[in-house]
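Written out below as structure tokens is the structure these notes cover.
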Amino acid sequence: WSNGSELGPSFQLAGLPGLEAAQCWLAVPLSAAYALALAANGAVLLAVRLEPGLHAPMYLFLCMLAAVDLALATATVPRVLSFYCFGLGEIGFGACLLQMFLIHALSAVESAVLLAMAVDRYVAICHPLRHAAVLTRGATAKVGLLAVARGVLFFLPLPLLLRPLPFCGSRLLSHSFCLHQDVMNLACANTTPSLVYGLAAILLVMGLDAVLICLSYALILRAVLRLQARRERLKVFGTCVAHICVVLAFYVPLIGLSVVHRFGKDLAPLVHVVMGNVYILVPAVLNPIIYGVRTKQIQRTILSLIRAPG
């Protein structure tokens, strides 16, 4: 087949196989989840901005997490909804590469923020006297900038490696948005450099972050178990529960999607589409809810905003 434009081929996004007639109705819960993600993450950002007591590194990192979740969901969900509701399932080559880059780069930023939050908890629990000196607002801002820079630098080569490849076969993707391996598999040329670099980037970024997060919590657990008072142990461990849940909400769908991509070729196409949507929306919806339930100050600030007249 011929290229969709001079800039490259266009691709066909995957809908819900066997449920095409009901896609518009099935877009309703997807829209509701997206609206909830926008409202909840926006509320967290506003609460931290307005409440001086929340201007600590832990909550500044939470703001970064909320901002990344908003960006990641906005980079994908509106395009998915336009497909499900209006049948706009074709995406241009340039738009596909841009979306692919944003998804992978923002995921890397989120992974880095989760690592920073784990280190913050480690320093606060294991070295409380040094916490204020080590994790200042300036240091927190630098960590955020480094997270963004790392995500961009590591994942910008992905679209650059795919850009010159010819696409002369099927143009049907496995998901309702563009992912690197999905687009790469449609190329009719040697994709080894792109495959090797993509795998190396994932392992060096998300893989290394996951190992360091586990190490941080292993050290925290060791410190907690050394505490004499049972009530104190429960209190300290309780401060980490929300972050552990947020880490699981990010890495479990990520691992699930990776497993489906690499070992699920015989699975029904619907599984690929559903796993992709879960990966994009579950962290964005759950993260602010988990922290909102766990953090009384965030609850009080949001409730005061809701009750405020006008």
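Numbers here mean position along the shown chain, with the first residue as 1.
Cβ atoms here come from the backbone N, Cα and C positions, even for glycine.
Those TrEMBL annotations? Automatic predictions, nothing curated.
The model shown is predicted, which means the values in this text are computed figures rather than measured ones.
Feature annotations, reproduced from TrEMBL:
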type     : residues : note
TRANSMEM : 25-47    : transmembrane segment
DOMAIN   : 40-291   : domain 'G-protein coupled receptors family 1 profile'
TRANSMEM : 59-81    : transmembrane segment
TRANSMEM : 101-123  : transmembrane segment
TRANSMEM : 143-162  : transmembrane segment
TRANSMEM : 195-224  : transmembrane segment
TRANSMEM : 236-258  : transmembrane segment
TRANSMEM : 270-293  : transmembrane segment
Top Cβ-contact partner of the transmembrane segment (143-162) among 59-81, 195-224, 236-258, 270-293 (pairs under 8 Å): 195-224
Region pair the transmembrane segment (101-123) / the transmembrane segment (25-47), three or more CB pairs under 8 Å: no
Within-chain partners of the transmembrane segment (25-47) [C-beta distance under 8 Å, separation at least 6 from its ends]: 16, 19, 54, 62-63, 66-67, 69-70, 73, 77-78, 80-81, 84-85, 277, 281, 284-285, 287-289, 291-292, 297-298, 301-302, 305
Per-region confidence, the domain 'G-protein coupled receptors family 1 profile' (40-291) (mean pLDDT, whole number): 89
